[in-house]
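Swiss-Prot annotations:
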type	residues	note
TRANSMEM	23-43	transmembrane segment
TRANSMEM	45-65	transmembrane segment
TRANSMEM	75-95	transmembrane segment
TRANSMEM	97-117	transmembrane segment
TRANSMEM	133-153	transmembrane segment
TRANSMEM	156-176	transmembrane segment
TRANSMEM	178-198	transmembrane segment
DOMAIN	215-441	domain 'CN hydrolase'
ACT_SITE	GLU256	active site, proton acceptor
ACT_SITE	LYS310	active site
ACT_SITE	CYS359	active site, nucleophile
Amino acid sequence: MKLKLNFLPYFSFIPKKLNTNSIIFKIIKVFFIAILLSNSIYLSFFENIFTQTISPFLAIWGLVLLLKSKTSKQYFWIGFFVGILWFWWIGLSSIYFNLNYLVPIIPIIIGFIYGLLFRLCYLLKFDFLRLCGIFCISFIHPLGFDWFNWGIFTVYGFFDPSYRGIICIFLIAYFIYEGYISRYYKIAIVLILFFSGFQYNEKQAQTLNLNYKLINTNISQDQKFLQENLKSNSDILIQDILQAINEKKELVILPETAFAFDLKNTKYELMLKELSYKITIITGAFHVEKEHTYNSTYIFKKGNVYILNKHFLVPFGEEIPFFKDLTKKYFLKNIEEFSKGPIQSKYKLDNQIITNAICYEATKEQNYQNSQIIIALSNNAWFNNSSEYKLQQLLMKFYASKYGVSVYHATNGKENIVILPKKLLSKDWKNLSKEIFNDKK
């Protein structure tokens with residue numbers, strides 16, 4: 001006896017008289033599947049125990065419906081909308097280079113790229129191979145940009161935040177879709193896969209020994225680097241540091257390029273050195289050395305300053321990976337490229353080894369390997385009013401959970417966050433059940 005998947009229609013509320021062959025319906029259908037495959041990003045705006053529970057199951061539903069799509073065009077358009085839903089915000093940064101016309105063009109190009117990748121997966125003859133192809137898209141990193149990662153499916157829910165959890169999610173989707181297995185075998189296989197991918201343990205991460213404070217700033221990108229604002233913004237930061245000292249903090253962490261200039265040999269460097277006798281200061285700023293400009297982390301400690309330079313640079317934001325002359329002539333005329341620092345910078349605080357990460361670097365898996373604590377500085381004002389920072393946080397949560405790392409993230413433009421390895425959702429449900437029953441008593 002075979003299990004028919006009548007419980008997985010595209011929309012159960014669609015009227016029977018609606019023409020399911022119409023272009024509008026087909027667009028709605030592929031867009032809905034793309035939403036399911038992007039649900040983790042948008043449900044993260046409403047994070048609670050219920051959204052966390054359903055998120056991976058919505059992803060499974062999306063994968064099942066993807067497999068039910070029987071034409072290469074459907075695969076293309078699903079990939080197209082997935083690319084846009086994940087990365088529509090990338091074009092927003094072009095506003096600050098006076099390239100406003102690129103805001104809608106860039107997402108369309110990205111959607112087209114992922115549409116082609118999904119369509120290539122359809123060319124594989126068997127459904128299982130197609131699903132394997134979709135899984136492998138996560139390992140394609142154009143220009144080193146690795147933010148398309150199915151691992152975000154496991155940040156929420158019962159599945160282990162690792163490749164074990166991800167693979168089980170994909171296999172569950174395949175066996176739910178597969179029509180040549182009897183109902184009872186199918187149920188057994190899905191249950192085995194669910195418990196194989198289940199999170200049974202919580203990884204323990206080191207936390208900072210020092211009493212710390214994360215400073216959050218909210219300076220818009222179009223105002224941040226204006227010469228007339230540098231002094232007033234810097235003076236506010238000094239006041240924030242003094243406030244942390246009054247609060248008896250031992251460490252204060254400021255965002256990326258909090259001081260939006262080269263700190264060396266300025267009055268603010270002298271002030272920070274003096275204040276560092278009372279509190280350790282970590283801040284972002286530029287660093288110019290021998291005609292090289294770096295996006296850097298400055299560490300002020302007991303009158304000394306240590307500078308760590310960013311290695312992973314944002315393509316076409318901090319470096320131009322190719323066609324440099326053409327790009328500078330017609331598009332990024334005023335861009336100043338950054339130079340690269342060491343691949344993984346570390347320093348010591350209170351006998352703890354800290355990994356340095358600046359914005360984009362906080363989502364690089366290499367920085368989580370052989371790390372215990374990461375202090376990350378970001379400027380999210382580049383992509384204000386977007387889902388960029390939520391995707392960034394999901395990637396950080398995935399890697400922090402996978403490797404057992406704690407992340408202390410100070411930002412400009414969005415809220416600060418401290419990330420620890422994923423807790424057991426089953427525990428949260430158990431605690432919620434106890435609260436409900438205790439209230440009834």
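Keep in mind that glycine also has a Cβ here, set from the backbone N, Cα and C atoms.
Sequence features, as recorded in Swiss-Prot, placed on the structure.
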residue	record	CB count, 10 Å
GLU256	active site, proton acceptor	29
LYS310	active site	27
CYS359	active site, nucleophile	26
Separation of alpha carbons, CYS359 (active site, nucleophile) and GLU256 (active site, proton acceptor) (Å): 7
Range from 23-43, 133-153, 156-176 with the greatest count of C-beta pairs under 8 A to the transmembrane segment (97-117): 133-153
Stretch with greatest number of CB pairs under 8 Å, the transmembrane segment (156-176) reference, 23-43, 45-65, 75-95 candidates: 45-65
Feature contact check the transmembrane segment (23-43) with the transmembrane segment (75-95), CB under 8 Å, 3 or more pairs: yes
The residue listed as 'active site, nucleophile' and LYS310 (active site), Cα-Cα, nearest whole angstrom: 9
Cβ-Cβ under 8 Å with the transmembrane segment (23-43): same-chain residues at least 6 beyond its ends: 10-11, 14, 51-52, 54-55, 58-59, 61-63, 65-66, 69, 74, 77-78, 80-82, 84-86, 152-153, 155-156, 387, 390-391, 394
Spatial neighbours of the transmembrane segment (45-65) far in sequence, C-beta under 8 Å, 6+ residues away: 5, 8, 10, 32-37, 39, 131, 134, 153-154, 156-159, 169-170, 172-174, 176-177, 387, 390, 425, 428-429, 432
DSSP-derived class (H/G/I helix, E/B strand, else coil) of the residue listed as 'active site, proton acceptor': coil
